[in-house]
Amino acid sequence: MTIMRKTHPLMKLVNHAFIDLPAPSNISGWWNFGSLLGMCLIIQITSGLFLAMHYTPDTLTAFSSVTHICRDVNYGWLIRYIHANGASLFFICLYLHIGRGIYYGSYSYMETWNIGIILLFLTMATAFMGYVLPWGQMSFWGATVITNLLSAIPYIGTDLVEWIWGGFSVDKATLNRFFAFHFILPFIIAAMAMVHLLFLHETGSNNPLGIPSDCDKIPFHPYYTTKDFLGIVLLLTFFLILVLFFPDLLGDPDNYSPANPLNTPPHIKPEWYFLFAYAILRSIPNKLGGVIALILSILILALLPHIQTASQRSLMFRPISQFLFWLLVSDVLILTWIGGQPVEPPFIIIGQIASLSYFTIILALMPIAGIIENKMLKW
């Protein structure tokens with residue numbers, strides 16, 4: 001008798017994606033982040049759904065409704081902190097996943113990589129809109145500052161900003177539409193993640209050596225299901241410690257004050273996971289130039305397959321490129337730190353040097369290193 005998972009139309013899909021999928025025998029723990037991101041998305045959609053049952057997207061009651069969730073709803077405080085810190089967990093996994101892709105040359109699978117970049121943009125948009133919903137001080141001013149950046153677009157900028165706001169300032173209409181978009185986008189992300197997987201399974205997974213692994217494949221289940229489960233248990237342990245012991249560690253104290261359009265916080269900044277891009281934005285004195293640099297800081301990932309010069313795919317045996325990769329990681333961490341600092345010396349110049357280094361490493365130094373390594377290996 002044929003096994004049902006191999007014949008049933010629906011189970012056949014699951015079987016080909018998660019059970020009988022041929023996977024390279026040597027992929028390391030760095031390949032766990034795909035499943036961890038899936039888990040984060042499920043956590044966020046579930047906790048968000050329960051929060052939406054009690055939240056009211058109205059400027060007069062939004063802040064109070066979040067307070068009500070924390071004080072009066074059974075385990076509301078837990079759901080709220082799971083959702084708030086779940087976003088941080090999502091971005092930690094996302095950045096590690098992208099770092100893995102750069103290190104091991106996974107960007108060679110261009111369709112998968114480009115869908116991944118779209119997923120990153122969608123996730124950033126969702127997180128930004130979610131940050132506005134509690135209607136605290138940083139929610140309001142963050143929304144005002146970031147949406148106002150669109151006014152730098154020539155000719156249509158001002159009209160575009162007023163169209164997004166639904167008026168002449170961030171107000172009830174803005175909050176309402178941000179709630180609607182914040183609710184629908186995670187489902188679009190889930191659909192795009194399916195497309196991401198579809199393209200990945202067309203080519204098969206990359207591996208640490210960066211060489212074809214068709215001659216040595218093993219079934220995904222039980223080997224990698226077990227491995228993924230271990231990763232999920234470890235990550236959930238870390239996550240629950242964060243939620244239950246340090247729930248406000250990654251948040252901003254200003255967001256515990258209700259939004260007040262008449263009182264500007266001394267230092268407006270986004271959540272920690274956007275600080276690197278915010279630092280790049282601030283490092284350019286011109287408004288339009290800053291917006292372009294901000295977009296390019298993410299869009300530059302799409303150039304990686306086109307500026308790859310090395311004959312080897314992975315950085316595993318390329319010491320110069322390895323050094324540059326870790327220099328890039330350090331640079332992003334410095335940018336994250338600078339983004340959280342006030343705009344004053346010496347932070348301004350540090351931010352400008354770090355921003356210039358970010359683009360120089362990716363656009364110039366890494367391709368040059370690839371050529372040098374080819375010469376060293378006589379390829």
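Glycine residues also receive a Cβ, built from the backbone N, Cα and C atoms like all the rest.
Record features, source Swiss-Prot:
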- His83, His182: heme b b562 binding site (BINDING)
- His97, His196: heme b b566 binding site (BINDING)
- His201: ubiquinone binding site (BINDING)
- 33-53: transmembrane segment (TRANSMEM)
- 77-98: transmembrane segment (TRANSMEM)
- 113-133: transmembrane segment (TRANSMEM)
- 178-198: transmembrane segment (TRANSMEM)
- 226-246: transmembrane segment (TRANSMEM)
- 288-308: transmembrane segment (TRANSMEM)
- 320-340: transmembrane segment (TRANSMEM)
- 347-367: transmembrane segment (TRANSMEM)
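Overlay of Swiss-Prot annotations on the structure.
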{"residue": "His83", "record": "heme b b562 binding site", "Cβ neighbours (10 Å)": "21"}
{"residue": "His97", "record": "heme b b566 binding site", "Cβ neighbours (10 Å)": "20"}
{"residue": "His182", "record": "heme b b562 binding site", "Cβ neighbours (10 Å)": "21"}
{"residue": "His196", "record": "heme b b566 binding site", "Cβ neighbours (10 Å)": "21"}
{"residue": "His201", "record": "ubiquinone binding site", "Cβ neighbours (10 Å)": "14"}
> Taking the transmembrane segment (178-198) as the reference, which of 33-53, 113-133, 226-246, 288-308, 347-367 gives the largest number of Cβ pairs under 8 angstroms?
Replying inline: 113-133
>> Using Cβ distances below 8 Å and needing 3 or more such pairs, separated by at least 6 in sequence, tell me whether the transmembrane segment (226-246) contacts the transmembrane segment (77-98).
In response: yes
> Among the binding-site residues listed here (His83, His182, His201), which has the Cα closest to the Cα of His97 (heme b b566 binding site)?
Replying inline: His201
>> So, three-state DSSP: helix, strand or coil for His97 (heme b b566 binding site)?
In response: helix
> What is the separation, in Å, between the Cα atoms of His201 (ubiquinone binding site) and His182 (heme b b562 binding site)?
Replying inline: 29
>> For the C-alpha pair, I'd like the distance in angstrom between His196 (heme b b566 binding site) and His83 (heme b b562 binding site), rounded off.
In response: 24
